[in-house]
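Student: Below you'll find the structure I mean.
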Amino acid sequence: MSGCLCLPGYKKKTMDPVERLQSGFKQFKSEVYDKKPELFEPLKEGQAPTYMVFACSDSRCCPSVTLGLKPGEAFTVRNIAAMVPPYDKNRYTGIGSAIEYAVCALKVKVLTVIGHSRCGGIKALLSMQDGAADNFHFVEDWVRIGFLAKKKVLTDHPMAPFDDQCSILEKEAVNVSLYNLLTYPWVKEGVSNGSLKLVGGHYDFVKGAFVTWEK
């Protein structure tokens, strides 16, 4: 419910950050939760989401808001640049466990990775120079997951302006994540037998546009 965009009559006010959270919940409860028991009552017994969504942690991109997803519809993972690392039992186990639970326990039907315009993680990936020291403890190592996408963009569009390369990379990084999803054995099996679908997406909040493609 980021920014309470789904709540009628919301007015942005300057208030204590903690008070803002409490106020937001009170409005959500009175305007949404209490008025839609047919939605929330079944969720008390469990969840059966159709989607697993990988989205960026960027505060401007909330998939529940931009895609109109209701509580219970999407099992969601958000991180820098919406990256999905390849299968590895010793690294990135938080991502791996989420994928395993979504596919094997919740039986989701669609895995979707959503990139977005003006992504800081993508800009950081494209800006990285070989051999240069990292500026952060974790960020550079994380976005290197998209290295093959960066290599493709620089090879295919070497003369494009930096901002244009970033825009292309936002989508190519999604493709790398979709490819990485297939390194998880239960995902590969689901795609092979038709029980799972892989979908890429890109949200452009500058133009107000959203596109999807299947892998």
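Here the Cβ of each residue, glycine as well, is placed from N, Cα and C on the backbone.
Pulled these from TrEMBL:
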BINDING   Cys56, Asp58, His116, Cys119  Zn(2+) binding site
Student: Tell me which residues of the chain lie with their Cβ under 8 angstroms from that of His116 (Zn(2+) binding site), as long as they are six or more apart in sequence?
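Tutor: His116 (Zn(2+) binding site) has long-range Cβ partners Ala55, Cys56, Asp58, Arg60, Cys61, Ala82, Glu170, His202, Tyr203, Asp204, Phe205.
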Student: Quick one: of Cys56, Asp58, which of the binding-site residues has the smallest count of other CB atoms within 10 A?
Tutor: Asp58
Student: Within 8 Å of the Cβ centroid of the Zn(2+) site residues Cys56, Asp58, His116, Cys119, which other residues of the same chain have their Cβ?
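Tutor: In sequence order, the nearby non-listed residues are Ala55, Ser57, Arg60, Cys61, Ala81, Ala82, Gly115, Ser117, Arg118, Gly120, Gly121, Ile122, Glu170, Tyr203.
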